[in-house]
Structure formats: structure tokens, C-alpha cells
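Step one of this worksheet: look at the structure below.
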Amino acid sequence: MNNTPVQREYFFDSIRAWLMLLGIPFHISLIYSSHSWHVNSAEPSWWLTLFNDFIHAFRMQVFFVISGYFSYMLFLRYPLKKWWKVRVERVGIPMLTAIPLLTLPQFIMLQYINGKADNWHTLSGYDKFNTLAWELISHLWFLLVLVVLTSLGVVMFKWLTRPRSAAAPTFGDTVTLGQLSMIFLALGVLYAVIRRTIFILYPPILSNGLFNFIVMQTLFYLPFFILGAQTFINARLKTMFTTHRHGALRRLYSDLSPTG
């Protein structure tokens, strides 16, 4: 435990604010995209679909990097049990509060709008439970995933803080942006292989709401959460993400320029 006060890094607040603001055009464009949602335009727009996919490609990933960063910072500040309790309360209480206030009324409203209320009594017990899992968690999925990642962090963060040899280089001491990009590309391919394997072996499990949120979504965002923790641990890694590279941009412009 470390009680030394840490200077507040205000740029993280700015990043989170921009990411939250991007949620507005993201959800609006979702209505007019070709993706299936509760409300869809009769004529989908290809450019709004592309715009929606562009935001979706990085928005939540950055959120989980930042979450991993601050989770590890608090991990060093509190005893283990208190850290877990504080983190779970911060994300678990808002999630449990939003279910009766937001997603439950939304679920009831959509049942009547979509004409599914009359068929509710015909569903099996499992189908009712699974429907409630999808609909009540709904937009709150990231809070549930954060609870799972926090619980996994009890083991992961203890492993990250284990004593190391001073002469042995760490991950953040040697990795480059290019290598990091290739690592995440490989992780993306591995996730796709795992999902495809599950689809081949037992497709119905992918339709299970709790399995989707607790297992698949956690598996997808786990590397970003760990990257956030690594960014707090290693100053070089943090500098690599937060330093503008004007030279790299100039070289890119020079390479693309017809006279370059």
C-alpha cells in the first residue's frame, strides 16, 4: 500500500469527456446504420454505418485502457480487500441502480412497442431468463465487465507487482508502437479463432447473454485493461502514448507526398 498522493493528470479527464461525448453521435448514427438495433431507419446510410464503425473501433477500448491505469493506481494505494471493495462499489452500485431505473422500464416499453408482450408467457424459463439478461444489462454491459476485470485484477495486479531483477528489462522498457500493434493484431485474431471455435462446437452458448457479457466481452477487453495497468507501471510506455510525434507525421506526409 502506498499513501503518497499522486498528482492529478487532467488530460485523462479530457479524454474521458471526449469519449463520452462521442457516445452521442455513435448512438444516433446507429439508428441510421445498417446494424440491427431497437430502432432502425427504413433506409440505412452507408456513410453513417462507416462513421458508427469508426467510433466503435476505438471508443470503448480507450475507456478500458484508462480504467486499467486508474485501477492499478488505486491497487497500490489501498490494501487488497479494500481496493476490491472500493472498485466494485464504484461500478457495481451504479449498475444495480440503473437496472430498475433505466433498463427495466426500457425493456417493458420495448416489449409492448415490438408486440412481444403477448408472447412472453409462451417462452421457456431459460428463454425468459436469457431475454432478461440481455435486456436488463443492455447498455450497462461495460460496468459488469469492469466488475469482472476488477475481480481478475486481484490476481493479475499481484503478478504485475511481483519483485523483478533490476537488470531484467520489462515489457514497457523494450516494446515499440509497431510491436504493440502487432501484438494486438495477434490478440484480435486469437479472439476471432476462439469465437469461431465456440460457434462450431456449441453455437447456442453465444446467444446466452451472461456468457456474452461475462466471458466474451471480458476476454475482448482484458488486453486493453492490462495495457492500462502497464502504462501506469512503466513511464516509458506512458510517454510513448502521451507524446506527440511530429517527426513521424512529417515523415508520413513526406512519404505520401508526390514530390517527397
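Backbone N, Cα and C define each Cβ position, glycine as well.
Averaged over the domain 'Acyltransferase 3' (10-232), the predicted model reaches a pLDDT of 91. The domain 'Acyltransferase 3' annotation in TrEMBL covers 10-232.
Feature annotation from TrEMBL assigns transmembrane segment to 17-38 (among others).
Annotation comment: TrEMBL describes 58-80 (among others) as transmembrane segment. Sequence-distant neighbours of the transmembrane segment (58-80) (same chain, 6+ residues past either end, Cβ-Cβ under 8 Å): 1-3, 6, 12, 15-16, 19, 22-23, 26, 86-87, 142, 145-146, 149-150, 153-154, 157-158, 160-161, 221, 224-233.
Here the transmembrane segment (92-113) has Cβ contacts under 8 Å with residues 38, 120, 132, 135-140, 143-144, 147 of the same chain, all six or more residues outside its ends. For 92-113 (among others), the entry in TrEMBL reads transmembrane segment.
Within its own chain, the transmembrane segment (133-159) has Cβ neighbours under 8 Å at 60, 63-64, 67-68, 71-72, 75, 80, 84, 87-88, 91-92, 94-95, 98-99, 102-104, 106-107, 110, 208-210, 212-214, 217-218, 221-222, 225-226, 229, counting only residues six or more beyond its boundaries. Here TrEMBL flags 133-159 (among others) as transmembrane segment.
Long-range contacts of the transmembrane segment (171-194) within the same chain, counting only residues at least 6 positions beyond its ends with a Cβ under 8 Å from a Cβ of the stretch, are 219-220, 223, 230-231, 233-234, 236-237, 240. Residues annotated as transmembrane segment in TrEMBL: 171-194 (among others).
Here TrEMBL flags 214-235 (among others) as transmembrane segment. Under 8 Å from some Cβ of the transmembrane segment (214-235) lie the Cβ atoms of residues 60-62, 64-73, 141, 144-145, 148-149, 152-153, 156-157, 160, 170-173, 184, 187, 191, 194-195, 206, 241, all in the same chain and six or more residues away from its ends.
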Close approaches to the transmembrane segment (17-38) from elsewhere in its chain (Cβ under 8 angstroms; 6 or more beyond its ends): 44-46, 48-49, 51-53, 55-56, 59, 62-63, 110, 114
